[in-house]
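Report on the following structure.
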Amino acid sequence: MSSCRYNGGVMRPLSNLSASRRNLHEMDSEAQPLQPPASVGGGGGASSPSAAAAAAAAVSSSAPEIVVSKPEHNNSNNLALYGTGGGGSTGGGGGGGGSGHGSSSGTKSSKKKNQNIGYKLGHRRALFEKRKRLSDYALIFGMFGIVVMVIETELSWGAYDKASLYSLALKCLISLSTIILLGLIIVYHAREIQLFMVDNGADDWRIAMTYERIFFICLEILVCAIHPIPGNYTFTWTARLAFSYAPSTTTADVDIILSIPMFLRLYLIARVMLLHSKLFTDASSRSIGALNKINFNTRFVMKTLMTICPGTVLLVFSISLWIIAAWTVRACERYHDQQDVTSNFLGAMWLISITFLSIGYGDMVPNTYCGKGVCLLTGIMGAGCTALVVAVVARKLELTKAEKHVHNFMMDTQLTKRVKNAAANVLRETWLIYKNTKLVKKIDHAKVRKHQRKFLQAIHQLRSVKMEQRKLNDQANTLVDLAKTQNIMYDMISDLNERSEDFEKRIVTLETKLETLIGSIHALPGLISQTIRQQQRDFIEAQMESYDKHVTYNAERSRSSSRRRRSSSTAPPTSSESS
């Protein structure tokens, strides 16, 4: 199973499969055998000879594959062997129809998978019903064989002997019911194996046949096959009498050895109870149990019954054990009980009852080891049933949660009143002592001692009532109070979680602001240097502009002065200068 892969009822090996071939197998695995990849593109003459040769080489080089498929309308397992040359027989033949088949294969495969899931669910439900019906029939035939065995044993002891035709007819009837029971058990386990295959997706029934399952099937068949066979067979039975210790030898029937183990068939009752239980048949309960990892077995059903109706279960079990053990002791002791003490059914019931209750008066003692073994098992069962009865009675006498809560509330109210009364008595006696010692002219010492005595009694009463109140508060920690405490703790934890989330948000905001501030601080030297450079550049530009203005002003001034000089040197002389 570890090296195979299950998909839609087909077990395929994972080795020697390429991705394209695996996809092809998954597309059409329910209705068709697996096809090699060379046949998918086989469109008449559309493919080239080189491609066909390469595909044929790929098919011939791949290892043979054994595919186990389960059709929807066939319960048998089909084996198909595909190897070299399989492409020609299964290849696509229709000219250019390969692309159309590839486009429609996806929807077909999805429909087939959905149909396969629905078929499996319906098949599983049918197997459940068949298994339940087989278990019912097996219980009917098993109980029928036990009843006929008891009738035959009683009639052969008092009415006729083992060699009569009546005994032979009844034994043949027991054998027939046993054969039918064995057939039903085999078919039941076959249904179990089919359910295992459906649940685990296996196609080979041999996968479910583990050594443990084989052992339990063989053990069940062996237990149910034991029955008194037709015919008269005897053996010599030697025992020692209880009170006289004298040996007793008699000829006994082999049927007594084969009849008593037939009561082991009663295990079928537990199986029927399991299969008819609402916890086992209800899908919702099984789903919840699977989520909680609970096994729905006979033990769980018995625990549920002991929780729901413990008294009824113990009563039915005790009475059934009492009757069966009494008849078994009677059957074991009838050959060596000469005084008809334990071989009498009422006497055997008395012996079983005093053994079951662990009393043991000693007035009746079994003679054979068979009777002693039955009494031993009865004593063990009685001890267990007594413990269960004590537990059930204690649980029935215990107060419920609501009753405990009401009782604690009433006791707390009464203790509160007693505390108030005791405190009032203390105050009253204190006032009376003060009055009789300070507010009177003549002190009455007897009255003062009386009030002092009452004062001390009131103090002790107040202390005892407060102690009872503390004990009640300690005992009041029931599941209801624990639930309240749990709710309070849940609210506190929720509040703390909300505060922690708010605190985390604030921390995240603070971290964001700190990161922004750190980024600004890291960018500050660059901004400062850039600002200083800009200011220096502006200052230098301003200085250069003022210098240029000064230079131009000086140049213009020198030009104007030179012009004046030139004009004065080139001007004609006036009349005053000439005279």
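All positions are counted from 1 along the displayed chain.
Note that Cβ sites are derived from N, Cα and C of the backbone, with glycine treated the same way.
Taken from Swiss-Prot, the feature region 'Disordered' covers 1-54, 90-115, 551-579. Summarising the annotation, Swiss-Prot assigns compositional bias 'Gly residues' to 90-103. According to Swiss-Prot, the feature transmembrane segment maps to 138-158, 168-188, 214-234, 256-276, 305-325, 374-394. Positions annotated as phosphotyrosine by Swiss-Prot, on the basis of similarity to another entry: TYR160. The annotation intramembrane segment is assigned in Swiss-Prot to 345-365 on the grounds of sequence analysis. Residues or ranges marked as region 'Calmodulin-binding' by Swiss-Prot: 412-488. Taken from Swiss-Prot, the feature compositional bias 'Low complexity' applies to 568-579.
When other Cβ atoms within 10 Å of the Cβ of TYR160 (phosphotyrosine) are tallied across all protein chains shown, the result is 12.
Of the candidate ranges 214-234, 256-276, 305-325, 374-394, 256-276 has the most C-beta pairs within less than 8 angstroms of the transmembrane segment (138-158).
Across the region 'Calmodulin-binding' (412-488), DSSP assigns 68 helix, 0 strand, 9 coil. Of the candidate ranges 168-188, 256-276, 305-325, 374-394, 168-188 has the most C-beta pairs within less than 8 angstroms of the transmembrane segment (214-234).
Counting only same-chain residues 6+ beyond the ends of the transmembrane segment (305-325), those with a CB under 8 A from a CB of the stretch are 263, 349, 352-353, 356, 374-375, 377-378, 381, 385, 388-389, 392, 395. When pLDDT is averaged over the region 'Calmodulin-binding' (412-488), the result is 88.
TYR160 (phosphotyrosine) falls outside any helix or strand according to DSSP and counts as coil.
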